[in-house]
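Student: Before we start, here is the structure in question, set down as structure tokens.
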Amino acid sequence: MKMERQVMRVKDLNLGLQLIATLLVLCCCYTHAVAEEKSQQTKKTFIVHMDMSKMAATYEDHFQWYDSSLKSVSESADMLYAYNNIIHGFSTRLTPEEAELLEKQPGILAVLPEMIYKLHTTHSPEFLGLGKSDAVPPASASMSEVIVGVLDTGVWPEIKSFDDTGLGPIPSTWKGTCEVGKNFNSSSCNRKLIGAQYFSKSYEAAFGPIDETMESKSPRDDDGHGTHTATTAAGSAVSGASLFGYAFGTARGMAAQARVAAYKVCWLGGCFSSDILAAMEKAVADGVNVISMSIGGGISDYNRDTVAIGAFRAVAQGILVSCSAGNGGPSAGSLTNVAPWITTVGAGTLDRDFPAYVSLGNGKNYSGISLYSGKPLSDSLLPLVYAGNVSNSTSGNLCMTGTLVPSQIAGKIVICDRGLNSRVQKGMVVRDSGGLGMILANTELYGEELVADAHLLPTSTVGQRTADAIKNYAFSDPKPMATIASGGTKLGVEPSPVLAAFSSRGPNLVTPEVLKPDLIAPGVNILAGWTGAVGPTGLTSDKRHVSFNIISGTSMSCPHVSGLAALIKAAHQDWSPAAIKSALMTTAYATYKNGENILDVATGQPSTPFDFGAGHVNPVAALDPGLVYDASVDDYINFFCALNYSASDIKQIANKDFTCDSSKKYSLGDLNYPSFSVPLETASGKGGGAGVTSTVKYTRTLTNVGAPATYKLSMTSKTPSVKILVEPESLSFAKEYEKKTYTVTFTATSMPSGTNSFAHLEWSDGKHVVGSPIAFSWT
């Protein structure tokens, strides 16, 4: 309430008393309003997990029970979502005090605070061997029965990647809808894009009603990310696809005949966990076979991780869940989505590049990368300047808005350092300041990682070594000169793949005994469908419109694996999510033809299983893996027991009553996982000196999914400090789906803390190779 100050002379005592009384009333009203506003401001969204077995018989249904429980702590709170599939419970806005009271009530398993997740932001089929291989099944009825659910920023339905030509009727198993909203009609869906829905209740509870001048309150994609991931996973084949002529060819998703269901959960303010959980619940009820989520947040224990809990319930119902590992690389331990039932995907490169050449006045020539498509620079050299020397700011080297001096830039090529603001925005700042071109220089943080962008002026992004050479020339020559020229699209780049610097790395900080990421897939400079709402750079000033865009991130590698999982599901309809993941992992490759490990572009050195997991996906081999490491809900429950989870913790994740047997010894090493991670204690941790040994035993079970065969063991190790004993060394399978168990005993000599070492275990029948990486870490 706005109150004006007034200077008054009170001549009458009664008038004065009346005035004082009025002011007191106004003050009380104002104080109450402020307190109420403050109370509303302190409210946060919580997800409430209920134990259905504790619902009293007096309630007619669970919704009534939910409402009664909520009203016992807050008369004003409403449910945002009621969940009855992925979890039992609801989400709501409460103060921390109300949430604490609610969690103490009978029948409440947990009250978890909302988490805000973020997006982890062609030629791929050929690079992966899907182009002409006879091993890949042709388009079939079973393939078109598979449904890939994509949780992201929505879809742009009009692009050709969602063309349904040649597809039969929508699968009878589909129970979803095409939700109507702003600029999105029921006719926006078809036999390819069979469903589209949006989930915004929690987002709006936090930020207020959606501003529909800024974003569509509908499944329509205003960002581009969701359209890109959906078409990467299962987009229809589109000939003549490109971005301004770059990467020209036929663009198609990994599972081009599969159906797509889009669930919009990400908005301008982020992706909210209760919206995500509602979408996962709907996707499971709708009948999807694969859930693809290129999003991530922080990490926490599995019973406190909403996405992990939702994914568990989906996997328990036979749905594979694929998630991006994150873009926090090359820092160690930067992974997200680390639950063992989630397929966690890192990023590598293709054998394709988009060179942009830099020629200097000293005659030296260098190669960078760019997707600039406008008017080229002339062949003649132009003056070259370093942004930090033509700036009015201490951060001028970064080419941020308002930091460059136009009079010192006009008609020149500007060297800008990468970092802080977006890569394409730097070019816009240079252009708007009168510059004619930009050399975007990687610093030590980015190393040799080259990510292509559709720049707004002639640009070449160069690695750190090249950047240092160009800067040295610019600083030492009294009149430095340069020019930039595009090199188009280059195929057959070697070595490839290499690990992307941004791809998040292990070890797994939640459970070091589970190796993550699981594998890597193409995630750098990927061509796929795009929204019509924004240009390829995403900048509001970029008025160009494209049907395809080239972007990078583990957000791009995740849908590659989601689509490949759909391919395997179509070929092996009775396989569990764990079996499909195992097939993808045990057939992955981690070395080039010369035997060297896949390179890490961040260091220029060989990468390790903490970087790439089992290796780079090899879909042709994954369709016929020979053996798989399968896992059921019971296997994961034993895993929870090994984590010392309580019955309440287990119920919260698995929706199953189970109490761990106190007389049984549970081991994290016995989870039937396709890879091995072995944390070992240092000498100081064991209380002894050098030479102290420790012994760890892991157990695994293989299931035969091929013809009868005998598989023999082979082991390669670069770890002399660890002796590895596998028993037995031969496994004979007489029939399909027969299971055989083996043990691996690791006897390790203590090493300094922080030491990592690696080995590789393989089973082969002469036709199939079933490989598993082994990672050792001393802590």
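Cβ coordinates come from backbone N, Cα and C, glycine included.
Please treat TrEMBL annotations as automatic predictions, because they have not gone through curation.
From TrEMBL, here are the annotated features:
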DOMAIN    45-120  domain 'Inhibitor I9'
DOMAIN    145-613  domain 'Peptidase S8/S53'
ACT_SITE  ASP152  active site, charge relay system
REGION    212-232  region 'Disordered'
COMPBIAS  214-226  compositional bias 'Basic and acidic residues'
ACT_SITE  HIS225  active site, charge relay system
DOMAIN    383-470  domain 'PA'
ACT_SITE  SER555  active site, charge relay system
DOMAIN    670-775  domain 'Subtilisin-like protease fibronectin type-III'
Student: Give residue numbers and ranges for long-range contacts of the region 'Disordered' (212-232): same chain, 6 or more residues beyond its ends, CB-CB under 8 A.
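Tutor: For the region 'Disordered' (212-232), the far contacts come to 119, 121, 124, 148, 150, 152-157, 159, 161-162, 178-184, 188, 196-198, 200, 251, 253-254, 260, 262, 264, 266-268, 292, 294, 526, 528-531, 533-534, 538, 549, 551, 555-556, 558-560, 563.
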Student: Compute the C-alpha separation of ASP152 (active site, charge relay system) from HIS225 (active site, charge relay system), stating it in Å without decimals.
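Tutor: Cα of ASP152 (active site, charge relay system) to Cα of HIS225 (active site, charge relay system) measures 7 Å after rounding.
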Student: May I ask for the distance between SER555 (active site, charge relay system) and HIS225 (active site, charge relay system), taken between their Cα atoms and rounded to an integer number of Å?
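Tutor: Here the two Cα atoms are 8 Å apart.
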Student: By a simple count, how many Cβ atoms lie within 10 Å of the Cβ of ASP152 (active site, charge relay system), its own Cβ left out?
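Tutor: Excluding its own Cβ, the number within 10 Å is 28.
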Student: Going by DSSP assignments with H, G and I as helix and E and B as strand, what are the residue counts for the region 'Disordered' (212-232)?
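Tutor: The region 'Disordered' (212-232) comes out at 8 helix, 1 strand, 12 coil.
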